[in-house]
Amino acid sequence: MNNVKDKVVVITGASSGIGEETVNLLSENGAKLVLGARRLDRLEKIQQKVGHDSVSIKKTDVTKPDEVNALIETAYNDFGRIDVLINNAGLMPQSFLEKNKQDEWNQMIDVNIKGVLYGIGAVLPYMRKQKSGHIINLASVAGHVVFPGSAVYCGTKYAVRAITEGLRQEEAIVGSNIRTTILSPGAVSTELTDHISDKDMKQDIDELYKNAIKPDAIARAINYAINEPEESSVNEFIIRPSSQSL
């Protein structure tokens with residue numbers, strides 16, 4: 001069974017890590033992909049590797065609603081429908097609240113929460129009209145448990161889970177046939193830790209990430225959720241290294 005083939009999938013944060021690995025796997029399974037990220041040069045390289053016929057790209061900063069809307073419009077204009085949106089873009093600067101890193105707080109809120117909301121708001125009219133769709137939001141194990149030094153990041157990921165569950169209930173009530181999935185990774189080997197400016201926190205996180213799993217593990221979970229029959233919905237995954245205790 002391959003329910004991924006020919007589905008039109010939009011992915012934010014597609015230029016590296018989980019996003020890029022998801023592109024690789026879904027393209028192997030025949031999906032048509034629309035990729036958004038701030039680094040257009042990286043997207044162009046991915047497009048060349050995967051193939052122009054099945055991949056469209058759009059420079060996208062998820063903190064800007066107009067750019068998110070343009071990404072969704074590109075998907076519809078190029079392929080005529082939108083089957084899946086994967087809200088993957090995210091940031092994880094870490095610090096204790098007393099450090100008062102307000103710029104980093106705002107960055108996390110803008111990308112991790114508002115970016116997800118902008119994606120949902122942009123794609124819902126298309127999915128409602130076609131009476132089908134699937135929205136996959138990347139949360140985190142930090143959306144299930146709070147760590148010292150991670151209060152704001154955890155807050156953003158708890159918010160992603162709450163928003164996605166609210167969306168699931170609202171779409172079930174109206175019978176739109178729109179599926180939702182929350183995917184909560186643990187330590188994954190990506191660029192996510194590069195944004196940590198606090199030296200003490202960076203050292204602790206780097207220690208945790210010594211046993212990080214590869215991003216293709218998350219890509220496989222995404223592929224699984226999309227591949228499920230339309231009448232069933234995989235609502236939530238937690239995927240972390242076997243050795244990760246938290």
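Along the chain as shown, the residues are counted starting at 1.
Cβ atoms are placed via backbone N, Cα and C, with glycine included.
Features as listed in Swiss-Prot:
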ACT_SITE  Tyr153  active site, proton acceptor
BINDING   10-34  NADP(+) binding site
BINDING   Ser140  substrate binding site
## Note on the structure
Smallest number of other CB atoms within 10 Å: among the binding-site residues Val10, Val34, that is Val34
### Message
According to DSSP, collapsed to three classes, what secondary structure does the residue listed as 'substrate binding site' have?
### Response
coil
### Query
In whole Å, how far is Ala14 (NADP(+) binding site) from Tyr153 (active site, proton acceptor) when you measure between their Cα atoms?
21
### Query
Which residues does Ala14 (NADP(+) binding site) neighbour through Cβ under 8 Å, counting only same-chain ones at least six apart?
Glu20, Thr22, Val23, Leu33, Leu35, Gly36, Ala37, Leu43, Ile46, Asn88
